[in-house]
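Student: What TrEMBL records for 1-32 is region 'Disordered'. Marked as compositional bias 'Polar residues' by TrEMBL: 1-13. Positions annotated as transmembrane segment by TrEMBL: 87-105, 120-137, 149-169, 214-242. Look at TrEMBL and you will find 129-273 tagged as domain '3-oxo-5-alpha-steroid 4-dehydrogenase C-terminal'.
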Amino acid sequence: MSEATSALRQRTPANERDGADLATKASVSQRSPSLPFPYNHVPWLYPIAFPTETETGIPICYVIDTMKGLTLVVCLFWMARFAAWQNAAAVVYTAIHGTYGILWMTKSRMFPDPKWTKRYPLWYSVLIASMLAGYWIGPYHLMRSGKSAHPVVIFLAITAWGLGVFLHFGSDLQKTIELEYRKRHPTDKTGKGPGLITDRFFAYNRNPNYFGELLIYGSFLLLSRDPAAIALFTTVFICIWIPNMELKDQSLSRYPEFAEYKKKTCFLIPFLW
């Protein structure tokens, strides 16, 4: 058994929130899913992107919340450093990326995702912190260059950000409320009971939270137009987002109704994918 396959067996493919169900970890661990893309081509990288949990590591939510919360401070610092207060694109970027960080921290307190409370080795925390710090490259170059953006571009960025926030946080809140209700009322026959969440945000898209976040980060990239920031996001999208979504599908495939649900929904982007 390869190291990557061993790590995959140890790691829960999709937790209760990601899988939008009430499956226990035990039932998930009994499955032996194949490595998701792109790790089916480079399996030795899988343990790096998805390391095994530890008992002594730092909860990864501390790292993520801290880095996202610092975004507003960093953007304001660079606004002052490069005197970018008259740059409309810089001001809007600071507002939407900074607000997103605050909303993320608020969500983490009000309806936290269990997967972010897991502990991982210290090196992984450093890796995640470095990755999130990389998103500050975009606003740095935007404010340093002094170049703004066309009003239409700013309009599109704000629109994409607003829709993304609605989809991302709204779908996460729906999962939290529904899963909590099902846990507290397991014998309630008026609802669908344990199983898939297939209505509201999840009626036509299996990953509305990821789609929302795609729109959010797309709005940041639209304003910054920085090649390095685009390259970083593309890497994260391919190496983390896609594998997470594929692992979730593998986990949910044990439900008989999943096949029909999959036919009626898109994977991520409506009408395209």
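Placement of Cβ uses the backbone N, Cα and C atoms for every residue, glycine included.
Tell me about the setting of these features in this model.
Tutor: If you look at the transmembrane segment (120-137), the same-chain residues 6 or more away from its ends with a CB under 8 A from one of its CBs are 48, 51, 53-54, 57-58, 60, 63-64, 66-68, 71, 74-75, 97, 217, 220, 226, 228-229, 232-233, 236.
Beyond its flanks by at least six residues, the transmembrane segment (149-169) meets 88-89, 92, 96, 100, 103, 107, 201, 208-209, 211-216, 218-220, 222-223, 225 of its own chain at Cβ-Cβ distances under 8 Å.
Residues 36-38, 45, 49, 89, 92-93, 96-97, 100, 131, 134-135, 137-139, 141-142, 149, 153-154, 156-158, 160-161, 163-165, 167-168, 268-269 of the same chain lie 6+ residues outside the transmembrane segment (214-242) yet bring a C-beta within less than 8 angstroms of a C-beta in it.
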Student: Write out how many residues of the domain '3-oxo-5-alpha-steroid 4-dehydrogenase C-terminal' (129-273) are helix, how many strand and how many coil, based on DSSP.
Tutor: 102 helix, 2 strand, 41 coil
